[in-house]
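What TrEMBL annotates here:
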- B:1-14: compositional bias 'Low complexity' (COMPBIAS)
- B:1-26: region 'Disordered' (REGION)
- B:363-388: region 'Disordered' (REGION)
- B:50-72: transmembrane segment (TRANSMEM)
- B:78-98: transmembrane segment (TRANSMEM)
- B:105-124: transmembrane segment (TRANSMEM)
- B:130-152: transmembrane segment (TRANSMEM)
- B:208-225: transmembrane segment (TRANSMEM)
- B:259-278: transmembrane segment (TRANSMEM)
- B:290-319: transmembrane segment (TRANSMEM)
- B:331-348: transmembrane segment (TRANSMEM)
Amino acid sequence: MTGSPEEKGGAHREAPALLELDDVVMAFGGVVAMNQVNLTIREGEIFALIGPNGAGKTTAFNVVTGVYRPTSGQVRFAGQRIDGMKRYKVTKAGVARTFQNIRLFHNMSALENVMVGIDAHHRTGAIGAVLGMPWHYREQRHGRERGLELLEFVGISHRAHDTAKNLPYGDQRRLEIARALGTDPKLLLLDEPAAGMNPAEKQSLQELIRRIRDDGRTVLLIEHDMGLVMHISDRVAVLDFGQLLAMGTPSEVQKNPKVIEAYLGAEADAS
Amino acid sequence: MKGNDVTNNDNGTATGNGNGNGVKRSSNPLSGSMDRMRDWWAGAPQWQRWGVYVALIVGALILPAPWIGAFMSPDNDWTTVLFFPIGVYMLMAIGLNVVVGMAGLLDLGFVAFYAIGAYSLAYFGTEYGWNFWATLVIGVAITAVSGVILGAPTLRLRGDYLAIVTLGFGEIVRITANNTDEIGGARGITNVPHPPDMFGQKFLFDPAPYYYLMVATIVLAIIFSRRLEISRVGRSWAAIREDEDAAELMGVPTFKFKLLAFAVGAIIGGLAGTVWAGQANFVAPNSFPFILSATILVAVVLGGSGNLPGVMVGAFLIAWLPERFREVQDYRILFFGAVLVLLMALRPEGLLPSRRRRAELAEGTGGMGSMGAEVAGPTSDPDMEVSK
């Protein structure tokens, strides 16, 4: 379990930084959800963000994807500041995400869901569509083909024309990933992708995440399933009460006494 | 630690409980045959579809025939009724459907755009003597801009708040017209130019040419909105309607597309106003009451918000029923209201709903939700932390 991730971690340690959080503080009134968090995610790694409930993990996702503007500090993506940027521009810049609670477009087909993601880089506007300009047809075709490809990639191409909400739970999670991949992200944020999955589904999810990385994307995930986290992550960061508690390879983090304490504490609050 | 992820899902839709209620109501005979027709349509080859289009247009062209009129409108000239209210309502409903049905934005002041279209023709036609077609183009531009002017400050609002502001906009336009002497004040503008002759048809007092002009405009509006619907634009609107926050995070510039929906709706509504004013010859503020906005909204909802044929059938019925049952003069609004209440009780999704909208209604968040308290589910979900 410890062997291979460490090798990979070593291989990627020299890779350039893709996402940098610099002293990020996110306060909601008196509640400080993130307190001077510094994180660097390097290109091509699978990076896991763990921590007890309420530690600020989803807040971190929301800060990175532009849902929140940080109270102070900077977020840089590929060297460019993205804090305070419009959400759809962050997506266009190459950051895509899934949601902790599935938020598909429930009454659209699976394929249409993915096509919305793919549309992020399309440019057809009202005039092009109404006049039936060549680029409109080109983009429609591209959307459909790429959409089917991505559904195939996540393993649900047989459900392409089913309404999203009629898919089984695990497939909905996969569809969310496909939709996010549609935006062609350099960095993919997965918010508890394994939640509610059975062991077999988790296993294939793990493979999917690896394949996404092998496609040249960087993956940042929030996950509570320690087995999964320890197995696929190159590096792990632990958040607790908005503070960065520890960071390192899975085995380093596992041995860290502060982390053990936080998790024993987590056991006591039994959430 | 993990339990609340699944249970907090008060969307109620994500985890299997939405199972297949998309097409559940097919026990209802009307939906059943509709579904069969839709399946046939989905599988029909191109030439059959064109056959249907041609048949519909031919049908529209022979509709003014006296033998049809004898039944449809025994009291009034049938062709006139076909032009107004039927044609005008249909065109407006197609426009409002873009805003309400496709983008899911509740607009209670749609009559404003109709008024602006009508006044554009009246003002430029009488003051500057511009020809109908020139003012039509100007009118379209003005209504599009007015759609953007209404949208820019208000589209940051959602649901009920947006509805109230648009309602205000409708009133502002009417009251402004009432108090601006430049455009005739309460007296309005008379001698609005008719369209110039076309194809040997004189646009004077015979309603037939106006009716054909209306048919052409409606066909154009249908092509226009249908093409948008199946494009990236329509997909973005549907995504916004379903979950605005998720849409934006998937790269949809939501504000821009909502503005676009307003502008497109405004253009179609404005067209209706211009064409109508070309026939009516006279525009005045009291032709544009709030009740007209409400009536068109009723047509859209009654017919099946989001589905073009449904919306047009809805508009037809709303326009035609009160005309047909003039003999019961004093009671017809009462009957009309009763029919509406009944229909909404028995078929809340409208007469010919789009499948998607039917599903949204069945699950209880989308339907009236995307009409009114738009996207109630996600934004009220505390766990999402996405709403600002």
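Cβ atoms here come from the backbone N, Cα and C positions, even for glycine.
For the transmembrane segment (B:105-124), the most Cβ-contacting stretch among B:78-98, B:130-152, B:259-278, B:331-348 is B:259-278 (pairs under 8 Å). Spatially, the transmembrane segment (B:78-98) is adjacent to the transmembrane segment (B:259-278); three or more Cβ-Cβ distances between them are under 8 Å for residues at least 6 apart in sequence. The largest share of C-beta pairs under 8 angstroms with the transmembrane segment (B:50-72) comes from B:208-225, of the ranges B:208-225, B:259-278, B:290-319, B:331-348. Only residues 6 or more beyond the boundaries of the transmembrane segment (B:259-278), in the same chain, are considered here, and those with a CB under 8 A from a CB of the stretch are 84, 88, 91-92, 94-96, 98-99, 102-103, 105, 107, 110-111, 113-122, 132, 135-136, 139-140, 142-144, 146-148, 150-152, 155, 192-195, 203, 210, 213-214, 217, 221, 224-225, 228, 233, 237.
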